[in-house]
């Protein structure tokens, strides 16, 4: 306790009546717990502290030790290094307090060296463990800091000489002065010392070769010689050890120059109740020694005789009273060495570990600050009064509490810690502390099962801080059990994974995988035997390896090349791993044997929903037939993953499937490999036996999925057991060129079917083909089943959402609803609505359906019809057009008159990822669903190549119950592939067509028919012009040749059957749409052949007789040809009047086409229109960009890329800006859709101004959010073009976008160093605008204020400054700037600008009075200027 200072009032000393406070500042005992002043008592009270003045001299009658209340700010205190790390020291202070010292608090020289080390120069850097040792005595300035979150006060101790010696003056330095200095510079002949004393230069010569100090290191120094001057003094010093810091009594008379840690002579004058009172420096200063600071810990006060001198070390000096507090313990030891302080003859006592329990601790006395104990007969301990008081709540009696601590009584205590200055152990007898099993880290081992209690959320690790008994723990994000709600105060059963002694913390996990019985945890390298299986957690996933973490921080690497199968991993995945090899602390892992085989269908429980997919758990009986405690069969749990792509065959249903499979739900999943399962493959594996290597035969069609895909080769994993090799398929072998330059996009886990071409038994390899014609028969009924499965999956998702009471599940496709308009999406221009009566469900009207319509008013209500439902995002895709509302009805079965019908006119309303939604033009019908792909291997989307959103097309139905259709051209193409030659007159299904004649007779008949047709058609051909060759309607025609019960298709060419080539020929040709009045030159049918048949023969082989009776556009081609010939004959005999009308009609048609093409405002919808646009404006980059955007909207990436190249070669080289626009577009495409960005960038830099290209690249990378690439580009730009002014604002803007706003100011300094002086002002102004743009108005004002101060005549800067302040709403600041501007001495034209700006400000934001004031000031300035001119 600090003694109260005596006041010295003017007029002499008034001796007041002596009063005593019976109040303890450390502990309050008694029933009332109030501080009450009482009269002094005769009997001695060991718990009360007398702090009175008994006489006229300034003195204290208590040698109380230091505490947080008596410790004053900036007070110099001695400390001892108790713990140290590379970057911080923990220092023990008097009073059992602790302080921390950081790197920046050592010395200015060490701070400089540390900064250099951070920049890469580590030549002079040594961490704190090299500069300090445990037990090292230091002194420094104490600084109190309060933590904002807890309010607790902690201490920092600054050892910097400038802070410690800042109040000393160089003229007062004498020979023999001892201080702590830092090495500022190491020279050949000695060290320059950083003393911190004003005006003092210190130097230490290298007298001893073994002496080696580092720059920044602190050392105790003693002044050997000193030379004083008026403004500066120099001294030579020698280094001394901490046990040689003695100061002679006659040397120093100023207490400020006796620094803590110094050794002085202490003369005992009086025994106090809690220590010794005496004096130092020949009785010049009063000094005190607390009873806990005696030479030996167990010494008593009676051992020190009065008027005797003892060596003592200065602990601290109270700043106001100048009372000195000392310790007689000169040889301060750490806890490990405390037991060796006994006599040599006595046996050494083992030190007590912190956290251990002492069963019989004997009470010696009630001392100052607590109950003094004797531990293990030789060591000293103390139970603080605060600890005793904490055991009681409410009122209690002091005497009763302390009565149990009578002399020689014994107590069971736990060691809490050791104080190196007082040489004692501080303890606790609290039963909760003593009986706690888990008190310190030594009580916990990795692998233990413990109960942890959550006490705080840790956002840094995205986990929780927990407490296990009295030990702190961390529950990291990777080790959190999924689907568990966490709250502060919650208790969790956890497994200890790591015990970190350095951080004094342990890491735990409550995942079910770690809590299972019999789980093996790898906790030390000695147990890591090859072949053992341990539970581990994936902490990092890379392309070539997976990093796995076990217990106690042990890590292992799982190389993907060591895996037999392509296993998928994700960060946080916890599973078992087998040790493959170990080399010291390097562990290589592999996976244990598979629990499940390929195709095995298992009941799984969804445990967690991840970004990568669904985490599942499978529970099954253990293989060793063990039983649990209740006698039930022991169960094992296996954890796996269903990747996102394996939830469904259709991309748009993946996230919807995740919604209907929440955590805790159960379902069936098929094993694909090791721990990877699939939902989409369950129907396939449940419907047939899974093939293995022995059962695979050439010709089999097998399911597979993409493992890896490049532009050239695709790696496929086939679903064959015991065959783990990927099979390679060339991308060109997948294409049929059904759509020219159609992009091929293959992603991992994508489904493909393959046909086995060969099987090599010796090498155990399969050769396969994934070409569409190899794996698909061309039967459109298979396509119909594919779409039917898609619709069934959508229905299942809807049913699952209905069970979860999701609002979106109430709606159906084709249903009419009322919606409320909410606005237009700025990115997609789609119209956004909400459903009336259900605000949780939003509706979307796509911009392609909006057309040129004007947006309605906000909040207006409209009627709409649902076109499709996006269950993954709770969005209804709607149409508000009256025709769609009238023509669309809810879903139902297909009417009988539409079964198999073709040529129906329909409008494409939506084009989704898997299907296109169409509406029939006539009548009220449900929506028609068209597949995007005819088959999973239809990678070119040939089934929907002609479908464009918003266009009309002809469709043909391919399902007999559902509204499923394909474009008519696709239907005719694949129908023609299937028909035989004998049934060409009328379409016949292939399975029921029976031809009795032999192949040879069949060929003869066809040739005869062809010859007859040629003769009959010869006259007609000669009468017509031969300038045009009109193609037939059919793209390809084949004849089915029946041999030994098997069908073989062979193409027909001019009526002659050709041999089928060995390889499959192209089924698609890029022909234009057939003309309506096409003239057939093939021998398949003609008018004469139709007449030679008996009635009904044409439909004899057909299944559906009604098909031949329908008079729609799906009639047979033979009938169309006959009608065409008759119509052609009639047209030859047109009258003159009919010819004139036909010419007029044709002229009108051509005029309409020309007007439409000439209208610049017309919406471009076809490639021909865009071609005309770019031909008309070849140097206009906007036209080319519109064309490219049109192609990209149709996912024709290659065409768009080629068009950009074509534009670059077409635009004139003089149009540099237009060319730059095209290069920017090409770079943007390569960045988004390809991986050739760097190559295209090099090409662009060679063909354009590099600076312009780099600036465009920065914008492109920002728009595409490529932060990593942007940083490297900025580095390149700033190095290459640092003398260009334009570069720096662009880089600053990018820094703001990257979130590096703190580095913008450094960037400005770099810019000013690199740019010439004349460009400094524009650069500063640009940066100021950027600061203002990003709401950092203070920095912007600072920059502009400096400019206008230095260059007051720059009117443009004044204007920018004022405009910026007005825009930020800082009107008063803008007014102050203008008031500064108008007092400048400027020319009239410049002053006119200033006053106009001033007047405009007051008119807009001021009052009439301020406006009048500005006008008056302007008039006055004009008058004054006129006088000066005269």
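Residue 1 is the first one shown; counting continues down the chain.
Each Cβ is built from the backbone N, Cα and C atoms, and glycine gets one as well.
Here is what Swiss-Prot records for this protein:
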COMPBIAS  1043-1053  compositional bias 'Polar residues'
DOMAIN    74-160  domain 'S1 motif 1'
DOMAIN    176-238  domain 'S1 motif 2'
DOMAIN    261-329  domain 'S1 motif 3'
DOMAIN    447-511  domain 'S1 motif 4'
DOMAIN    531-592  domain 'S1 motif 5'
DOMAIN    697-771  domain 'S1 motif 6'
REPEAT    1299-1333  repeat 'HAT 4'
REPEAT    1335-1367  repeat 'HAT 5'
REPEAT    1369-1404  repeat 'HAT 6'
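Residues in the domain 'S1 motif 3' (261-329) partition by DSSP class (helix H, G, I; strand E, B; coil) as 6 helix, 35 strand, 28 coil.
Recorded stretches compared: 74-160, 176-238, 697-771; the one with the most Cβ pairs under 8 Å to the domain 'S1 motif 3' (261-329) is 74-160. The DSSP breakdown of the domain 'S1 motif 2' (176-238), given as helix, strand and coil counts, is 0 helix, 37 strand, 26 coil. Sequence-distant contacts of the repeat 'HAT 4' (1299-1333), counting only residues of its own chain at least 6 positions beyond either end whose CB sits under 8 Å from a CB of the stretch, comprise 1278, 1282-1283, 1285, 1288-1289, 1291-1293, 1339-1340, 1343-1344, 1346-1347, 1351, 1354, 1357, 1360, 1364, 1367-1368. Remark: secondary structure over the domain 'S1 motif 5' (531-592) totals 6 helix, 34 strand, 22 coil, with classes taken from DSSP.
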